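Written out below as structure tokens is the structure these notes cover.
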Amino acid sequence: MLAKAVATECGCSFFNVSSASLASKYRGESERMVRCLFELARAYSPSVIFIDEIDSLCTQRGAEGEHEASRRVKSELLVQIDGCNSQEGEERQHVVVLAATNFPWDIDEALRRRLEKRIYIPLPGADEREELLKINLKGIDVDPGVEFSAVTKRLDGYSGDDITNICRDAAMNGMRRRIAGKTPSEIREMSKDAMKEPVTQDDFLQAIGKINPSVGEKDILRHENWLKEYGSVQLSTITGMPPRVVGAAQAGGLGGFLETIPPITRFFAGSIFVLALAHYVGLLNPVSIALVWPEVYGHYQVWRLLTCHTFMAFSMGFVFNMVFLIKYGGSLETEVFRFNPADYLFMLICGGVFLMTVPPLVGKPLYFTTGPLVLMMVYVWSRNFPDVPVNIYGLFTIQSFYLPFAFVAMTIVFGGSPIPDLFGIAAGHIWYFFTDLYPRSSGRNLLKTPKLLTSWVSNMGVGPPPTVEEQQQRGVFRGRGQRLGTQ
């Protein structure tokens with residue numbers, strides 16, 4: 001639609017081409033069709049050629065399993081695109097090539113260079129979603145009491161196609177009510193007008209409850225990362241959201257650096273630092289805040305249930321944990337959990353509960369769980385970003401999937417006990433299993449973030465307020481952290 005609008009506004013001839021229409025089983029025929037397409041476009045110039053799903057036509061050359069015929073088609077397409085700009089002066093025939101893809105990272109490098117402007121079309125914002133609702137409901141009776149603004153808020157994270165499906169399903173609800181309980185013969189005798197019923201607010205809510213967004217957070221994140229590397233414009237220019245700045249140099253000073261750390265991670269790291277400082281100056285005895293269950297239920301010292309997660313004495317282990325907490329925890333909160341910060345907090349709560357209860361049951365109680373909790377975050381991060389190269393202290397580089405296990409190995413090398421680390425990995429894997437792996441196969445998320453926690457985080461102004469549907473189907477992957485056997 002965007003390509004057609006460009007051609008219409010410019011008064012150009014429009015050629016809408018799919019990758020399948022350029023494919024042929026006969027040798028050399030596909031290349032000839034590509035050549036013929038561009039010759040025709042030049043003959044009717046000024047013109048616009050739009051190639052949909054171009055990733056299926058121009059994947060990376062030299063990839064494993066690439067057919068020789070596919071390579072010839074790619075070469076011909078590259079030659080023809082070059083030819084569009086070969087003429088100069090008045091004789092120049094204006095041909096604009098537009099392409100669309102959902103997998104820009106699969107496109108061949110040479111084609112990416114020739115397509116000079118690379119623009120990311122994000123999911124529709126609030127105003128766009130409301131306009132899409134009205135467009136899809138043209139010609140349909142809508143109850144005057146429908147609050148489009150309220151429906152729009154519930155559709156955050158939905159694509160244009162998703163919104164179309166929701167409008168279609170909501171419009172069908174009235175007819176479903178009319179024919180409910182009737183026999184097929186009675187339904188056939190009903191007139192068209194008898195089946196009509198205005199679409200109500202409840203119809204939309206029912207449709208939203210049945211139809212989940214088709215675009216996941218990982219997909220959005222991958223597109224945004226590709227845009228940062230190869231895009232022609234900044235993400236903030238497209239979405240209206242401020243760019244996420246990482247690093248003190250960009251923020252300016254300590255205060256600026258702290259502002260770059262997302263709020264939940266900042267509070268967690270700040271709590272660890274404050275308790276470590278209090279211990280260093282002699283104001284705090286770690287024994288009074290350690291997890292000692294007889295003190296918790298015998299003397300009602302319930303604060304230990306919180307402080308055991310936020311204490312680590314100043315040491316090299318403290319430095320490593322803080323660095324990795326800020327780096328990976330910040331990555332989780334701003335990227336994986338960007339739309340659902342309550343899920344991030346709920347992950348920390350679940351990890352803390354696991355580390356307080358399971359180790360004592362197997363005879364290995366943990367008095368402080370800060371290190372294992374950070375390693376839990378590392379594990380979840382590594383499962384969400386398994387292919388990122390990670391440099392270990394400048395000594396060697398590994399794939400991020402193996403990062404948690406590398407820390408366990410280094411703990412052993414430095415003479416520490418690997419038991420706390422293994423508990424942290426176990427906590428991370430349990431979270432990842434029940435919120436990612438299991439839902440993929442069953443469609444059920446057994447560790448949904450409580451609505452009360454979601455509401456509280458939203459009221460605190462942490463991140464955009466997630467809808468009920470987002471909570472039902474999002475929130476579930478993360479990772480981050482490190483721990484170096486200081487316990």
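Backbone N, Cα and C atoms are what each Cβ position is placed from, and that goes for glycine too.
According to TrEMBL, the features are:
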- 1-123: domain 'ATPase AAA-type core' (DOMAIN)
- 146-187: domain 'AAA ATPase AAA+ lid' (DOMAIN)
- 191-231: domain 'Spastin/Vps4 C-terminal' (DOMAIN)
- 463-487: region 'Disordered' (REGION)
- 267-293: transmembrane segment (TRANSMEM)
- 305-329: transmembrane segment (TRANSMEM)
- 341-358: transmembrane segment (TRANSMEM)
- 365-381: transmembrane segment (TRANSMEM)
- 401-434: transmembrane segment (TRANSMEM)
Exercise for review: Compare 267-293, 305-329, 341-358, 401-434 by their Cβ pairs under 8 Å to the transmembrane segment (365-381) and return the stretch that comes out on top.
Suggested key: 401-434
Review point. Which of 305-329, 341-358, 401-434 has the most Cβ pairs closer than 8 Å to the transmembrane segment (267-293)?
Key: 305-329
Point to revise | the domain 'ATPase AAA-type core' (1-123), counted residue by residue under DSSP: helix, strand, coil | key: 59 helix, 19 strand, 45 coil
Practice item. Using DSSP, break the domain 'Spastin/Vps4 C-terminal' (191-231) down into helix, strand and coil residues and give each count. Key: 28 helix, 1 strand, 12 coil
Practice item. Determine the mean pLDDT over the domain 'AAA ATPase AAA+ lid' (146-187), rounding to the nearest whole number. Key: 86
Review point. Would you list the DSSP helix, strand and coil counts for the residues of the domain 'AAA ATPase AAA+ lid' (146-187)?
Key: 31 helix, 0 strand, 11 coil
